[in-house]
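Visitor: Checked TrEMBL, it gives:
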TRANSMEM  12-31  transmembrane segment
TRANSMEM  37-60  transmembrane segment
TRANSMEM  92-112  transmembrane segment
TRANSMEM  118-138  transmembrane segment
Amino acid sequence: MNKGKTARIFNDLSMIFFLISSTVVAFLPIVDREKHPAIAVLAGGIFWVGLLWGIFLYILSCQKIRNLKSYQNYRSVEHIGALAPGSTKEGLIADLAFIPGFLVIILGTYVFNIPDPVMLVCMWITMVSFYGHFVLNGRVYKFLHKRKVIRYRKVKEESAEKNTQLKEGV
């Protein structure tokens, strides 16, 4: 398996582990250290294992493509993902989902009395979109997942340009 495919698998797995980490929100209503200590430990373990494996696999995906010449060229022209919100369609969705989720959490905590299920869903959406912002807007994700789209567009534009030249008789 080549480095690009391996890096892509690691990148996809990192987002899956970030999703696993965010499932801890579902345990919050029943997590009570005094009543259910095993569930509290399990929830903490799921959060940290998911978060650490997500970070580890993301770093591995970066390491796999770091020395590729095409990635170095791509890296020199692309912004850092954390500083480029909405740079991919998926990243834009994650960024837009973060804002209302975060606002509902703040308003539900300090201003309004929002039902617990709504707060839990908003907490989950906020966590997933926060993780998604960094993964889905990142240069590694764009290089691994979006590069083929750009190549196809270039080929399509070049063939359209050749067709117009043939029609004009150039």
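Yeah, the Cβs are placed from backbone N, Cα and C, and that goes for glycine too.
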Visitor: Please give the sequence-distant neighbours of the transmembrane segment (12-31): residues at least 6 beyond its ends with Cβ less than 8 Å from one of its Cβ atoms.
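Guide: For the transmembrane segment (12-31), the nonlocal Cβ contacts are 39-40, 42-44, 46-51, 53-58, 61, 116, 120, 123-124, 127-128, 131-132, 135-136.
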Visitor: Residues of the same chain, at least six outside the transmembrane segment (118-138), with any C-beta under 8 angstroms of its C-beta?
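Guide: For the transmembrane segment (118-138), the list is 11, 14-15, 18-19, 21-23, 25-26, 28-29, 54, 58, 80-82, 84-88, 90-91, 93-95, 97-98, 100-102, 104-105, 108.
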